[in-house]
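The structure under discussion appears below in the form of structure tokens.
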């Protein structure tokens, strides 16, 4: 019998802040399970979830507007601690009898709050002291409205010159509000405040750890599928790889992985996937060489979105054909992770701002009545990686840079041809190898090479040549929503360029992309 790792749980109500998923990740980092729900949940849903505590997130709306979101009244009647962050504090104050006003002055960026009153939330937590010995906290503010009167049964815990109620508390009811964002690293003691709330005030045990998550997932897979057979599309990416390892641990040879080699992978990637999962870990893998099929389907197509659709469609066709060859498979496994679940829920309700449509393996043949197994669907990406390490997958594989689902299909601009893919693979491998050698790979968030379908004149020896151009791209980002181009050293870029032009016959020029996001996207297509 595995331990119930969901026993203590925090409910986070999302009012639309860009940082809300970060709040959830911070709570998970503290070893406590949490879920992220839209703000307008019902009393019955909250009762059913039975949280140990509730966090009200920040959000872009103004509580002074008539139809702005409000926390369900039951939040304040459930008898559990409540922590309001930024907008969450404002709606708490307003709903419990305080007052909020719009302000002409937005407070955005660093601020120092002075702790005036002892509180369980910040006791013993400080960044520095005032001349008369009062604790000061360095925090990150991002708000326009502010609380101008707190509810009568609350006390002011901390303030700044422009924000008289930076922290408010009702210690008896264990209700706390902060006008800043404790979840961002700029609030230096933010993690300690969250820990104080989650672990001490809500009294949650740290049961959410990689080893226990694995035990729980294995037990749940066995309970769900029993002795049935399961099929998984293994791409070699982080999510499908960790899914494969979890399923293999749970059901062994009853798992069949289908690895579709579409000819759009990185250099030697197909061989590496087969060696690692087949030979080293002993998984049951069907290797489907399908390069010709993908490239002929892509022939003549220049439009990026059309290329994505073609690659997706052909993948599903190939996967379906392989699935039909297997006898008695009852379950399809997918590497869906928690942000995918949040995005789909948001697109279904229209509440959050969906950035992209997410595609996992879809469109199985109608004659295949299969159940769905999604062992990662409660996990954030950083948690998936930690679990992968615990399961024995190599660090370099788990922490390598993102690679798009359509692969080189969207890194070869315009029409995709085998010749272009082969040149790009070799150029990209040199760039990545040099980044690793220079200890720069982990210092950038993503780096790759793009094939440009234009020829340029070059000189090699005594002769002229007329060959292709590639662009190097490297960015630094925290969340991939915005990004800066990476300021790689000139001598490093020169070395990479020299190697590519000398070692990859067919490329005569290398350029470096210095566009930020926005206005450019990270990928070119």
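Backbone N, Cα and C atoms are what each Cβ position is placed from, and that goes for glycine too.
Positions annotated as domain 'Glutamine amidotransferase type-1' by Swiss-Prot, on the basis of sequence analysis: 9-207. Taken from Swiss-Prot, the feature active site, nucleophile covers 86, and the record attributes it to sequence analysis. What Swiss-Prot records for 181, 183 is active site. For 208-400, the entry in Swiss-Prot reads domain 'GMPS ATP-PPase', with the evidence type sequence analysis. As annotated by Swiss-Prot, ATP binding site applies to 235, 236, 237, 238, 239, 240, 241.
Taking the Cα of residue 183 (active site) as the reference point, the closest of the recorded positions 86, 235, 237 is 86. The Cβ neighbour count for residue 181 (active site), using a 10 Å radius over every protein chain in view, is 23. Under 8 Å, Cβ to Cβ, and six or more positions away along its own chain, residue 241 (ATP binding site) finds 234, 277, 388, 393, 397, 398. Annotation for residue 237 (ATP binding site): spatial neighbours 335, 403, criterion Cβ-Cβ under 8 Å with sequence separation of six or more. Summary of the ATP site environment: with the site residues 235, 236, 237, 238, 239, 240, 241 set aside, the chain residues having Cβ atoms within 8 Å of the Cβ mean position are 234, 242, 243, 244, 335.
Other C-beta atoms found within 10 angstroms of the C-beta of residue 236 (ATP binding site) number 20, with every protein chain shown included. Within the model, the domain 'Glutamine amidotransferase type-1' (9-207) shows a mean pLDDT value of 93, rounded to a whole number.
In this structure, 238 is the one among the recorded positions 86, 238 with the smallest number of other Cβ atoms inside 10 Å of its Cβ. Neighbour counts of Cβ atoms within 10 Å were compared across the recorded positions 183, 239; the minimum falls on 239. For the pair formed by residue 239 (ATP binding site) and residue 86 (active site, nucleophile), distance between Cα atoms is given as 33 Å, rounded to the nearest Å.
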